[in-house]
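For reference, TrEMBL has these:
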COMPBIAS  1-10  compositional bias 'Basic residues'
COMPBIAS  504-518  compositional bias 'Basic and acidic residues'
REGION    1-26  region 'Disordered'
REGION    504-532  region 'Disordered'
TRANSMEM  42-62  transmembrane segment
TRANSMEM  74-95  transmembrane segment
TRANSMEM  115-133  transmembrane segment
TRANSMEM  165-185  transmembrane segment
TRANSMEM  197-216  transmembrane segment
TRANSMEM  236-257  transmembrane segment
TRANSMEM  269-292  transmembrane segment
TRANSMEM  312-332  transmembrane segment
TRANSMEM  367-389  transmembrane segment
TRANSMEM  395-413  transmembrane segment
TRANSMEM  425-446  transmembrane segment
TRANSMEM  452-471  transmembrane segment
Amino acid sequence: MTKGPRKRRSSSSGSHSKPPDSHLDAGDDAGGTSGVALKKQIGLVSACGIIVGNIIGSGIFVSPKGVLENASSVGVAIIVWVTTGVITAIGALCYAELGVTIPKSGGDYSYVKDIFGGLAGFLRLWIAVLVIYPTNQAVIALTFSNYILQPLYPSCLPPDSGLRLLAAVCLLFLTWVNCHSVRWATCVQDVFTAGKLLALGLIIMMGIVQICRGHYYWLEPAHAFETFSDYDVGLIALSFLQGSFAYGGWNFLNYVTEELVDPYRNLPCAIFISIPVVTFVYVFANMAYITAMSPQELLASNAVAVTFGEKLLGVMSWIMPMSVALSTFGGVNGSLFTSSRLFFAGAREGQLPHLLAMIHITRCTPIPALLFTLISTLLMLCTSDIYTLINYVGFINYLFYGVTVAGQIVLRIKEPNMYRPIKVSLVWPVIYLLFWAFLLVFSLYSEPVVCGIGLAIMMTGVPVYFLGIYWENKPQCFHIIIDKITHLCQRLCMVVYPDLEKNQEPSDHQTKDTDGQNEKISLGKTADGTCV
């Protein structure tokens with residue numbers, strides 16, 4: 001395991017003076033004790049909401065046809081959905097072990113950094129900060145605004161400026177919610193996750209009704225494997241890749257480990273509950289679609305759930321576009337919540353500006369990280385190449401899934417005696433890595449230019465790492481300027497550096513029954529109003 005970052009200069013070491021009794025000064029130093037920490041407010045239900053809400057976005061409602069189109073038959077498509085669900089569950093099982101072995105927020109970034117070193121971790125952080133999360137959030141917000149505005153423009157497409165403006169309003173509102181309260185943010189996530197599951201439940205129920213009426217032609221074994229195009233190994237591999245992307249977001253709970261109530265129990269439990277639920281929903285929703293539409297109709301539809309609703313729900317068909325809008329709204333919230341914790345973790349490790357690791361003195365929310373996430377996403381809304389960027393970096397995102405799971409094996413070899421509340425058989429990471437390597441090699445073979453550009457974007461982080469992090473003897477004026485900017489932003493946002501010891505909840509194996517030291521930290525407020 002690599003050692004933690006060296007203590008870096010803090011705003012309290014600058015040339016300017018500050019009142020000694022200031023709340024803000026209490027947490028300026030990375031090693032200080034501000035008495036403020038992230039609250040452990042995410043229970044099992046909210047944890048499941050984060051995973052399910054981040055996996056199930058608009059894709060299952062709008063365009064689940066990517067798998068079917070490349071699988072060449074309904075039967076193979078269903079097999080692909082089940083298989084990718086199982087592989088996702090195996091990957092999540094590996095992340096569960098890593099999450100309780102290295103119980104830090106930041107997810108795969110924290111694991112890669114601790115196992116493979118600072119440069120590898122920074123490259124994961126760099127590509128996430130630069131492209132992955134800003135573009136994903138911008139696209140989800142644009143999908144939300146499209147489905148909200150479409151009824152107002154029944155005969156044409158909504159204006160692009162209107163779409164971007166409403167998407168920006170959505171992002172601003174949800175950022176405010178996340179800045180105000182972790183509990184509010186998780187409540188929004190829970191409500192909208194429940195809403196999208198109810199909508200998908202309605203689709204599945206309508207599919208069952210269709211089957212009871214005898215509309216299951218394409219589900220019969222004799223017809224399920226009828227091809228509408230010739231089978232091709234390359235296309236089937238592409239369908240597995242599309243299916244794997246559809247399950248993206250299964251690792252997001254690991255980004256907020258430190259805010260989980262009893263993470264040693266709730267992290268694995270939430271994973272074991274959520275992944276089977278998502279797999280069930282994906283498989284049976286696709287089966288329901290095929291009871292009302294032929295494969296050709298499904299492939300021709302630009303919004304499958306809307307077409308499904310028009311065929312079966314009659315005057316209630318408005319439920320489907322509304323469900324897509326609600327689903328994407330919850331998706332934006334979940335992405336903002338988790339990605340801001342990734343940036344928070346990166347700043348705390350000294351790989352992003354120190355300010356992003358600070359939290360509000362009373363609300364205990366990472367306001368600077370949330371605002372940074374918001375600004376980067378709004379900038380992406382101003383560009384016209386969002387979808388192109390997603391294609392370039394999707395490969396890199398999937399690359400780091402495998403690197404993280406490989407890190408689990410490396411950690412077993414390097415630290416065989418490390419305490420692991422969950423210890424899975426190494427057969428599971430090996431199975432995952434074999435599947436991952438197959439898809440990775442195929443991606444490189446089928447789209448070498450796209451993958452190459454993605455790798456090039458990631459490698460731009462190498463000089464940034466050596467100039468910004470590895471080079472410690474920077475000019476004094478640089479430190480003074482950064483200190484002044486940090487202190488100004490601290491006062492504007494009312495934030496301090498968190499007390500890490502307050503946020504580390506000791507596990508049973510780490511505590512001793514001596515002098516009352518085994519009492520777990522109680523998260524509340526002190527007399528001066530700060531969170532502990």
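Here the Cβ of each residue, glycine as well, is placed from N, Cα and C on the backbone.
From a predicted model like this one, the values you see are computed outputs, not experimental measurements.
For the transmembrane segment (236-257), the list of distant contacts is 42, 47, 50-51, 54-55, 57, 59-60, 64, 66-72, 76-77, 80-81, 83-85, 87-88, 91-92, 95, 98-99, 103-108, 263, 267, 270-271, 274-275, 278, 282, 334, 337-339, 341-342, 345, 394, 397-398, 401, 438-439, 442-443, 446: same-chain residues at least six beyond its ends, Cβ to Cβ under 8 Å. The stretch in closest packing with the transmembrane segment (42-62), judged by the count of Cβ pairs under 8 Å and taken from 165-185, 197-216, 395-413, 425-446, 452-471, is 197-216. Contact count against the transmembrane segment (197-216) (Cβ pairs under 8 Å) is highest for 312-332, out of 115-133, 165-185, 312-332, 425-446, 452-471. Most Cβ pairs under 8 Å with the transmembrane segment (165-185) belong to 367-389, among the candidate stretches 74-95, 269-292, 367-389, 452-471.
Remote same-chain residues near the transmembrane segment (74-95) are listed as 67-68, 107-108, 218-219, 221, 223-226, 231, 236, 239-240, 243-244, 246-247, 250-251, 254, 271, 275-276, 278-279, 282-283, 286-287, 290, 295, 401, 404-405, 408, 424, 428-429, 431-432, 435 (criterion: CB distance under 8 Å, separation of at least six residues from the stretch ends).
When Cβ-Cβ distances below 8 Å are used as the criterion, the transmembrane segment (312-332) is approached by residues 53-54, 56-58, 61-62, 137, 140-141, 143-144, 147-148, 150-151, 170-171, 174, 188-189, 191-193, 195-196, 199, 202, 206, 210, 292, 303, 305-306 of the same chain, each at least six residues removed from its ends. When each of 115-133, 395-413, 425-446 is checked for Cβ pairs under 8 Å to the transmembrane segment (367-389), 115-133 comes out on top. Highest Cβ contact count with the transmembrane segment (395-413) among the listed stretches 115-133, 269-292, 425-446, 452-471 falls to 425-446 (criterion: pairs under 8 Å).
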